[in-house]
Amino acid sequence: MDEQRDTTDRFLPRFDAAGLVTAIVVDADTQALLMVAHMNADAIEATRATGQAHFWSRSRSALWRKGETSGNGLTLVEMRVDCDQDALLLRVKPAGPACHTGRRSCFYRRVEADGGLTFLADDAQG
């Protein structure tokens with residue numbers, strides 16, 4: 001079946017040993033990278049059923065809906081799967097900052113050649 005994942009028209013996610021796939025989340029309007037998370041079968045089903053992004057928390061071992069406590073939910077515009085069906089791309093409309101720090105994106109620091117971090121001005125806390 002693995003060799004057919006790149007040619008089939010069926011959604012057949014290839015979960016890792018922990019039952020997860022990587023989910024890359026981008027703003028559907030700006031294409032800005034917002035966050036990377038993990039989804040299990042329940043998170044995928046909940047996202048498809050509700051139109052709101054759900055993920056699996058590895059630290060809490062629990063299903064969670066983005067924005068559940070903050071109100072900064074992610075409305076699904078489109079879900080794509082990569083050629084191996086082991087990673088997902090979620091194009092979303094964010095209702096606020098995607099990062100728990102209050103920033104638009106979780107990727108707000110650049111790693112410099114010397115190993116230092118530079119905070120990016122275009123992703124200031126809001």
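The backbone N, Cα and C atoms fix where each Cβ goes, glycine too.
Here is what Swiss-Prot says about this protein:
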BINDING   Asp82, Asp84, Asp86  Mg(2+) binding site
BINDING   Cys83, Cys99, Cys106  Zn(2+) binding site
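Annotated features, which come from Swiss-Prot, shown on the structure.
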| residue | record | Cβ contacts under 8 Å, 6 or more apart |
| --- | --- | --- |
| Asp82 | Mg(2+) binding site | Leu88, Leu89 |
| Cys83 | Zn(2+) binding site | Arg5, Asp6 |
| Asp86 | Mg(2+) binding site | Pro13, Arg14, Phe15, Asp16, Val21, Thr22 |
| Cys99 | Zn(2+) binding site | Leu34, Met35, Ser105, Cys106, Tyr108 |
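Of the listed binding-site residues, namely Asp84, Cys106, the sparsest Cβ surroundings within 10 Å are found at Asp84.
In three-state terms derived from DSSP, Asp82 (Mg(2+) binding site) belongs to neither a helical nor a strand segment and is classed as coil. Compute the center of the Cβ atoms of Asp82, Asp84, Asp86, which mark the site for Mg(2+); besides them, the chain residues with Cβ within 8 Å of that center are Arg5, Arg14, Val21, Val81, Cys83, Gln85, Ala87.
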